[in-house]
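Worksheet: the structure to be examined is printed underneath.
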Amino acid sequence: MGLVLRSWAANEAAKHCAVVVWVAVSAWLFWRTFRLFSSGPQYYYLHQMLGLGLCISRASASVLNLNCSLVLLPMCRSILTVLRGTQQLNSRKARRLLDKSKTFHVVCGVSICVFSVVHVCAHLVNAVSFSVRYSDDFPALNVAQHRGQDPRILILTTVPGITGVILVLILFLMFTASSYSIRVCNYEIFWYTHNLFILFYIILMLHVVGGALKYQTNVDTHPPGCIRTNQTNSSSYTSSNQVPETQTKAELKEMPHITVCKEDAHFQHHFPQTWLWVTAPLCLYCAERLYRYIRGSAPVTVVSVIRHPCDVIELRMLKSGFKARPGQCPTQNKETFGIHIRVLGDWTECLSELLFPALNHSEILPIMHQRTYPKLYVDGPFGTPSEEVFNYEVSVCVAGGIGVTPFACVLHTLLGGWSQYRLRRLYVVWVCRELQCFYWFANLLCDLHHKLWEENRPDYLNIRLYLTNTQQLQSFSEERFRPLSSRLLIGRPRWKDIFGEIGQSNQHKKVGVFCCGPKSVSRELHKLCNSFSASGTVFEYNKESFS
């Protein structure tokens, strides 16, 4: 039980602590603002007019301010990459927490949507209250022009109302276009609607300038609920404090629990606070995007284009000033870098047609004699969980199909030398449906295998290839791929047995598990890492993501 708890803490503690802090801050902001508007003397008359709707609308606005400022920070990818590479961030738990940046971005986005619904509903109630509880005693508090005015007119003729409607529409588009089905079918819809965030923040600044809600400025000279000798009987919510006009001030002062107003109540618009929350994160994000735009504005030089089996394209490129840390990007040498693209979807199909307009075979073109390719722009490199492979003594890389590409960076790095890293044993588990898929990196695997044998370290690399298509038993026929033939297994991996074997061979160690593949495999590995309790081995789970 103790080891299971230790395994769970290694994988989940930091993430859950961050969530608890975020929830606690949000709850504190909500409660603090709710109490301020429900019992603050400066909001006494406004609260009598609007009631609970005032408290909920302002409390939800405080949480929205927090999340509108936080939602941008996880998307500052260049800054996160710099943080990951600094010596100050020497904690592996802190670096692994950075890998959850996209998840935190999604959590903040969902929170914005939820509290926006709460905020809108509360203000719809407020619009009705402004109409029904029109104040004759305090005209400055009114948004409605007269009692009984149509609340829809209040919404559609005021700055907060109009901008609020536009914000809801933008948020609806961004939220619906972020669904998994739309991102898979048409990523451009997701991309362009998400860039509406610029318009969202501009309108958000205008939204808070409207000043529909006001607070009392002279609480000292006009205490809430004080009595005015000339007070009228027109206001329903102040009738409890009304006295006959014939009552003298001297007689009022002699009455217990009665406070006489020294002057009329004065009200003023709130100073907008939203810009105080969002200005710094927004400027930081815009500066980071500008830096990325400038960095990626120069097109890369395509060195070679290779068509691999199973609709995979390999691009080798050259870019001036491009520097990648180990694990970020496959590099055969310090000059060039490469990517593997699975042709799946409209964008990748279009790219394939541009690269191979009339070719049905592999082509490698020298730099001086290459065809005319479309201009390609590359943004990055960015920090990835794969960088952590080298910071464990033992690491396990689990890939499904094209998900092996992040780990190709690791293999390329080790091919250049392994002794300078902490890593002393690497397990590579690669699962594919077709045998031809293994040819994508078959040469790389064999080259690294031969290198380690020549250096008398055959136990450094453990390769396991799983072929899930059992209809036709196949094997590598080429002689140069003989090291892979003995490591090819038919069927699906039995993860529990694999973990047990790795744990038995690496007792009382922390093993880094890195996964890039289908969600079903990812969930199963994550669950195993959290519950493994044999041989004193702790498995720390790390998930790769292409987004």
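Going from the start of the chain as shown, residues are counted 1 onward.
Every residue, even glycine, has its Cβ placed from backbone N, Cα and C.
The feature domain 'Ferric oxidoreductase' is assigned by TrEMBL to 82-204. For the domain 'Ferric oxidoreductase' (82-204), DSSP puts the residue distribution at 93 helix, 0 strand, 30 coil.
Residues or ranges marked as domain 'Ferric reductase NAD binding' in TrEMBL: 392-530.
Taken from TrEMBL, the feature transmembrane segment covers 13-31 (among others).
Under the heading transmembrane segment, TrEMBL lists 66-83 (among others). Long-range contacts of the transmembrane segment (66-83) within the same chain: residues 22, 25-26, 29, 89, 98, 101-102, 104-105, 108-109, 111-112, 115, 197, 201, 204, 274, 277-278, 280-282, 284-285, 288, 291-292, 381-383, each at least 6 residues beyond the stretch ends and with a Cβ under 8 Å from a Cβ of the stretch.
TrEMBL lists 104-125 (among others) with the feature transmembrane segment.
Sequence annotations record features per position, and here TrEMBL assigns transmembrane segment to 153-177 (among others).
Per TrEMBL, the feature transmembrane segment maps to 189-213 (among others). Counting only same-chain residues 6+ beyond the ends of the transmembrane segment (189-213), those with a CB under 8 A from a CB of the stretch are 46, 54, 58, 68, 72, 143, 158-161, 163-164, 166-167, 170-171, 173-174, 177-178, 182-183, 269-270, 272-275, 278, 282.
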Residue counts (helix, strand, coil, in that order) that DSSP gives for the domain 'Ferric reductase NAD binding' (392-530): 64 helix, 32 strand, 43 coil
Arithmetic mean of per-residue pLDDT over the domain 'Ferric reductase NAD binding' (392-530): 89
